[in-house]
Ligand code: PSU
């Protein structure tokens, strides 16, 4: 039985057939990561950034039971406004599709579908990780285990300190996932350029990253690669300010008993409220920055 490939848009199909660079993009950031209309504006702007840097964007989602790579503007608009749409990680895909549902795909589901589509590279804002207090709750994102088994390179801005960053890095080590910081020695913390923890490796150019992707593939490592791209200096938030809002949001989630897959969307929305919208502005800036780097890596990878 052949594996089920997502349905490709004509633009994505043409680019892949011709060996031209393609960057996959996730859709949980649209359905659960940002409020409307900022989610739609960002999704469209990120696609433009990918194009401006020489690659074809392939936003991935499940639309009425069909896994898709490459959405029209009207389909993005529908997803951005949809109420009650599912947040699907890779384990949820089959059941959602059988029920003909629509879903925003998380990092894990987007990696899985990108790999099936033949797209080796994917850009997002932040990946999920090991939540604070995981020693009691066991809340560890499926993004990390998917990174350990699916050979998709994920460009992100590190992980937020809503998570336990040292435990997240430790888990990625166990999963054999290389963590590479772009142009920095430190692993970034999404809103800020450093988490205070070092990344395993530092690479300073898109060409070096593309060469690493090829070698990692040819060595048969079989895992994803996490590229951590620090937020641009001008868009970074003051660490004391943002850490304060994060601590308050985590405490509130705890006291309200919010857990499992609802936890990350709750924290993102609450941090946005508590920060007076500053977290959303920073989030939009870093996603665009990641899309630009991913497109440049895709161009270098396709050239090799
Ligand atoms: N972190 C963010 N923004 C996001 C997400 C995480 O800063 O939008 C989304 C991504 O889609 C990620 C998912 O894959 O949340 C992880 O959810 P969980 O922690 O429930 O695994």
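Placed from the backbone N, Cα and C atoms, the Cβ positions cover glycine too.
Just so you know, TrEMBL annotations are computer predictions that nobody has curated.
In sequence order, 59, 60, 104, 105, 106, 107, 109, 110, 122, 124 are the residues of the chain that are 6 or more apart from residue 26 (active site, proton donor) and have a CB within less than 8 Å of its CB. Per TrEMBL, the feature active site, proton donor maps to 26.
With a 10 A radius on its CB, residue 87 (substrate binding site) counts 20 other CB atoms from all the protein chains. Annotation comment: TrEMBL describes 87, 107, 141, 142, 143 as substrate binding site.
Among the features that TrEMBL reports, Mn(2+) binding site is placed at 139. Secondary structure at residue 139 (Mn(2+) binding site), taken from DSSP and collapsed to helix, strand or coil, is coil. Its own atom aside, the Cβ of residue 139 (Mn(2+) binding site) has 19 Cβ atoms within 10 angstroms in the protein chains shown.
Under the heading active site, nucleophile, TrEMBL lists 160. Using a 10 Å Cβ-Cβ cutoff, residue 160 (active site, nucleophile) registers 25 neighbours.
Distance noted between the C-alpha atoms of residue 87 (substrate binding site) and residue 160 (active site, nucleophile) is 19 Å. Each of the binding-site residues 107, 141, 142 was scored by the other Cβ atoms within 10 Å of its Cβ; the lowest score goes to 142. Secondary structure from DSSP puts residue 87 (substrate binding site) in a beta strand. Separation of the C-alpha atoms of residue 141 (substrate binding site) and residue 160 (active site, nucleophile): 13 Å, rounded to the nearest whole number. Distance noted between the C-alpha atoms of residue 142 (substrate binding site) and residue 160 (active site, nucleophile) is 16 Å.
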